[in-house]
Structure formats: structure tokens, C-alpha cells
Amino acid sequence: MAPFSAETNSTDLLSQPWNESPVILSMVILSLTFLLGLPGNGLVLWVAGLKMQRTVNTVWFLHLTLADLLCCLSLPFSLAHLALQGQWPYGRFLCKLIPSIIVLNMFASVFLLTAITLDRCLVVFKPIWCQNHRNVGTACTICGCIWVVAFVMCIPVFVYREIFTTDNHSKCGYKFDLSGSLDYLDFYGNPLENRSLENIFQLPGEMNDRLDPSSFQANDHPWTVTTAFHTQTFQRPSADSLPKDSASHSPYSNVFKPAGVASPKIPSGFPIEGHKTSPLDDSDAFLSTHLKLFPSAASNSLYEYELPQDFQDYYSLGQFTYDNQVSTPLVAITITRLVVGFLLPSVIMIACYSFIVLRMQRGRFAKSQGKTLRVAVVVVTVFLVCWAPYHISGVLSLFTDPETPLGKTLMSWDHVFTALASANSCFNPFLYALLGKDFRKKARQSIQSILEAAFSEELTHSTHCSSNNVFSERNSISTTV
């Protein structure tokens with residue numbers, strides 16, 4: 001996920017090209033979301049929580065508004081993160097907290113929308129059961145369970161988010177192992193740091209750091225070279241970032257010439273014509289596209305050798321080999337978000353509203369039911385439009401080489417997808433609340449009471465009048481939205 005998802009998505013601004021147009025578009029979306037979503041959600045939260053009678057519907061939307069309001073409050077940090085080109089000046093705790101809040105909002109919103117959908121379906125198909133069992137207490141209990149599950153789903157974000165320092169700038173990103181994910185710039189620095197030599201370079205017959213030529217057998221490929229590099233995820237550098245003389249700057253040059261380790265001796269009886277005394281000291285031998293450790297003896301069966309395919313790819317292409325292996329926690333996080341946070345709720349919503357439409361076409365329902373259905377369908381549609389690009393790009397990023405055109409496109413527009421997902425928190429109050437006739441009436445009345453209290457010379461009288469008006473109309477409030 002771009003900055004916080006990532007969501008979502010494992011890439012951060014640190015590893016993404018700074019494409020000005022998508023970033024500006026993302027900042028515009030986030031700014032509008034904050035400017036519209038903060039007062040909109042605040043108004044809904046105040047009116048639904050304090051001015052309207054507590055019903056099952058108001059409980060659903062009250063909790064949904066709370067989740068959206070938390071997301072809106074975190075948007076200024078996202079804007080600053082984009083404006084600073086990925087730098088994170090807020091410290092380690094906020095690096096963990098703010099992305100967690102965004103993910104918490106994501107799961108809480110989708111779970112609440114799913115609960116609202118199931119609730120509407122039960123009202124249509126089981127009206128008698130709902131009359132006996134559908135109450136505010138049950139709705140509050142379900143909302144509490146939803147918050148607990150959403151909190152559990154955001155724990156991996158809080159655990160794996162860490163601060164990285166690159167070029168004296170702090171970055172907020174995922175860290176899935178104790179040693180951290182090294183960037184190719186760090187790889188140039190010291191590839192053997194905190195690594196034991198025997199785990200990097202070994203020869204057959206080498207026991208306890210001693211080379212025993214007598215252990216070689218003539219028919220056992222005596223000079224087979226094996227390597228065992230620790231699993232580490234590196235990013236392929238661009239062509240411009242590599243030195244022109246990549247051979248002289250090869251990060252493997254020190255691996256094959258470790259200080260203090262004697263070069264292996266050629267067993268007696270082996271042909272040595274044209275052979276260098278210390279083949280491991282000859283960097284050209286390892287930079288050859290054919291990887292001939294012993295050029296003069298390449299055709300001799302006694303000098304057969306084997307090197308890992310990644311070394312062959314590296315030296316034949318003259319660049320690092322891109323490791324397509326993705327971290328297991330990242331795959332688990334992305335797939336869980338896709339299935340639990342998008343696919344399963346989407347299937348439930350589409351199925352329930354399809355059944356409701358069919359049922360309403362067969363029976364006679366009040367106009368209020370039709371209005372509720374239209375508002376709910378719009379809310380679900382907007383949710384799918386906002387969140388589908390985020391989840392799709394997250395899954396594609398797991399299986400796409402970032403050097404391909406598709407990979408570059410995903411990285412460039414990842415910020416836009418994340419901003420669009422956050423915009424869902426702005427649309428909800430205008431869709432499900434402000435479109436409702438009863439809510440518009442109560443909102444106008446509440447705003448009017450605020451203005452009267454602010455400008456009236458008789459504050460007590462104005463407040464008393466508005467309070468009486470609120471009390472007199474409570475009995476006429478409908479439970480539909």
C-alpha cells in the first residue's frame with residue numbers, strides 16, 4: 001500500500017519513482033476528503049448521537065461515522081508524508097499508529113456496511129422475527145464485536161511498521177524480519193555485515209574452515225563451488241543507478257576473495273597448463289559470461305563445476321537478479337485484506353441487495369423502504385468503486401516485477417488508489433445520512449439552534465425553544481434512512 005496500506009501493498013515512497021502527476025492527484029483527493037469528510041462526519045456524529053432517537057439504524061451509522069472520522073483525522077499526516085516525498089518526521093510510534101488507524105477504519109467500515117446489508121435483508125424477509133429480536137442492544141453488541149475484529153486485523157500493521165533511515169531521512173515502512181529489508185544501496189555498502197564467512201562461501205570437503213584436498217575424489221567434481229546466501233529481498237536497481245564499470249564494483253567480488261582465507265590448491269596430477277595459481281583472485285574469471293573458473297580445463301571432466309543460476313543471470317546480464325520471492329507475512333496480509341476486507345463482504349452485499357430487489361418487485365412495500373434501498377445501494381456501489389483499485393493493485397504488486405511497464409504503473413498510481421480508498425470516509429455521511437429526509441430535517445434544526453444560541457441576546461430562551469422543538473418532533477422520527 002503506498003504509504004499506509006498497504007497498504008497494502010508493500011511499496012513505499014522510498015522505493016517508488018517520484019511521479020509528480022499521480023502524487024499531486026493523490027494530495028488533491030486527500031485534501032478534499034479531509035475538508036469535506038471532517039465536518040460531514042462530525043455533523044452526522046453529533047446529530048445521530050445527540051439529536052436523534054437511538055434506533056438500530058442510528059447505531060449502525062453512528063459507529064460507521066466514528067470509523068470514518070478517525071480516518072479523516074489521520075489524513076493530514078498522509079498529506080505531509082506525500083509532500084515530503086516519503087520522509088517520516090513523526091517518529092516510530094506514529095509510524096505504527098497512523099497506518100493502523102487507517103486499516104482499522106477499512107475493516108470497521110466494510111464490516112459495518114456488511115452488517116447494515118444483512119440487517120436490511122432480515123427486515124425485508126423476516127419482519128416478524130425482526131420485530132421481536134431486532135433491538136438497539138443487539139446492534140450495539142454486534143458493533144462492539146466488529147470493532148474487536150477490526151482491531152485484530154490491524155495488529156500486523158502495528159507490529160511490522162518500523163522506521164528506516166536512508167540518506168539521513170526517516171522512512172516509515174514494513175519490516176518483516178529481524179535483519180530488515182536491505183535496499184540495493186545498502187547492499188553495495190557491506191554485503192557480509194553480520195554474516196559468517198562459512199555461510200557465504202563454501203567448498204566441498206571444507207570442514208571447520210579447513211580445506212582438505214585429500215578428500216577430493218577424481219570422479220566427484222572436486223572443484224564444485226557452492227554458495228549459501230541468506231534469504232534477503234533486494235530491489236533491482238535501475239540501469240542509471242549502476243556503475244558503468246559494474247565488474248569492478250561487483251558486490252560479489254569481496255565474497256570470492258575473503259581476507260585471510262587461503263586459495264585452494266590444485267591437487268597433484270591435474271593439468272595446470274595456462275592455469276592461474278590462485279583462480280579465486282582472478283575477478284575476470286568470475287565476470288565471464290561463461291563463468292569458467294579454470295578456462296584451460298573447461299573441457300576436462302575433472303574440472304566440472306556448478307554455480308547457482310542467480311550468479312549466471314547476474315554475470316550474464318551485468319546487474320543484480322531481481323528476487324521475485326515476496327515475504328510470507330506480506331502475502332498473508334494482502335490476501336487477508338482482499339478476502340476478508342473486500343471479496344467476502346462484496347459477495348454478501350451484492351447477494352443480499354439482489355434478493356431485496358427481487359422481493360420488493362413481488363410485494364408491496366412502503367416508499368420509505370424503497371428510499372432506504374436506494375441509499376444503501378449507492379453506499380455499497382461507492383464502497384466498491386473506492387476500494388476495488390486498492391485491493392487489485394495490492395494483489396498485482398505481489399506478482400509483478402517493478403521493472404515492467406505494469407509494475408511501474410502500479411507504483412506510480414499506488415498513491416492515487418490509496419487516496420481513493422480514503423475518500424470513501426468522506427462519501428459515506430453525504431450518501432447514507434444527508435440524503436435521508438428525516439436526517440436533513442434534524443440537521444437543519446440543529447444548525448439553526450446553534451446560530452440562535454450564538455446570535456440571540458436571550459440565550460436561555462433560544463435554547464429552551466429549540467429544545468422544545470426537538471422534543472416535540474422526536475415521536476415523528478422514522479427509523480429509515
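Count begins at 1; order follows the chain as displayed.
Even glycines carry a Cβ here, placed using N, Cα and C.
Noted in Swiss-Prot for the protein shown:
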- 1-23: topological domain 'Extracellular' (TOPO_DOM)
- ASN9: N-linked glycosylation site (CARBOHYD)
- 24-46: transmembrane segment (TRANSMEM)
- 47-57: topological domain 'Cytoplasmic' (TOPO_DOM)
- 58-80: transmembrane segment (TRANSMEM)
- 81-96: topological domain 'Extracellular' (TOPO_DOM)
- CYS95-CYS172: disulfide bond (DISULFID)
- 97-118: transmembrane segment (TRANSMEM)
- 119-139: topological domain 'Cytoplasmic' (TOPO_DOM)
- 140-160: transmembrane segment (TRANSMEM)
- 161-337: topological domain 'Extracellular' (TOPO_DOM)
- ASN168: N-linked glycosylation site (CARBOHYD)
- TYR174: sulfotyrosine (MOD_RES)
- TYR184: sulfotyrosine (MOD_RES)
- ASN194: N-linked glycosylation site (CARBOHYD)
- TYR315: sulfotyrosine (MOD_RES)
- 338-357: transmembrane segment (TRANSMEM)
- 358-374: topological domain 'Cytoplasmic' (TOPO_DOM)
- 375-397: transmembrane segment (TRANSMEM)
- 398-414: topological domain 'Extracellular' (TOPO_DOM)
- 415-435: transmembrane segment (TRANSMEM)
- 436-481: topological domain 'Cytoplasmic' (TOPO_DOM)
- SER456: phosphoserine (MOD_RES)
- THR460: phosphothreonine (MOD_RES)
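Swiss-Prot feature annotations superimposed on the structure.
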residue : record                      : Cβ neighbours (10 Å)
CYS95   : disulfide bond              : 23
ASN168  : N-linked glycosylation site : 5
CYS172  : disulfide bond              : 27
TYR174  : sulfotyrosine               : 25
Whether the transmembrane segment (338-357) meets the transmembrane segment (24-46): three or more C-beta pairs under 8 angstroms: no
Predicted model, mean pLDDT over the topological domain 'Extracellular' (81-96): 86
Coarse DSSP state, helix versus strand versus coil, of CYS95 (disulfide bond): helix
Helix, strand and coil totals (DSSP H, G, I; E, B; other) for the topological domain 'Cytoplasmic' (119-139): 18 helix, 0 strand, 3 coil
Integer Cα-Cα distance in angstrom, TYR174 (sulfotyrosine) to CYS95 (disulfide bond): 10
Per DSSP, three-state class assigned to ASN168 (N-linked glycosylation site): coil
For the topological domain 'Cytoplasmic' (47-57), the number of residues DSSP places in helix, strand and coil: 7 helix, 0 strand, 4 coil
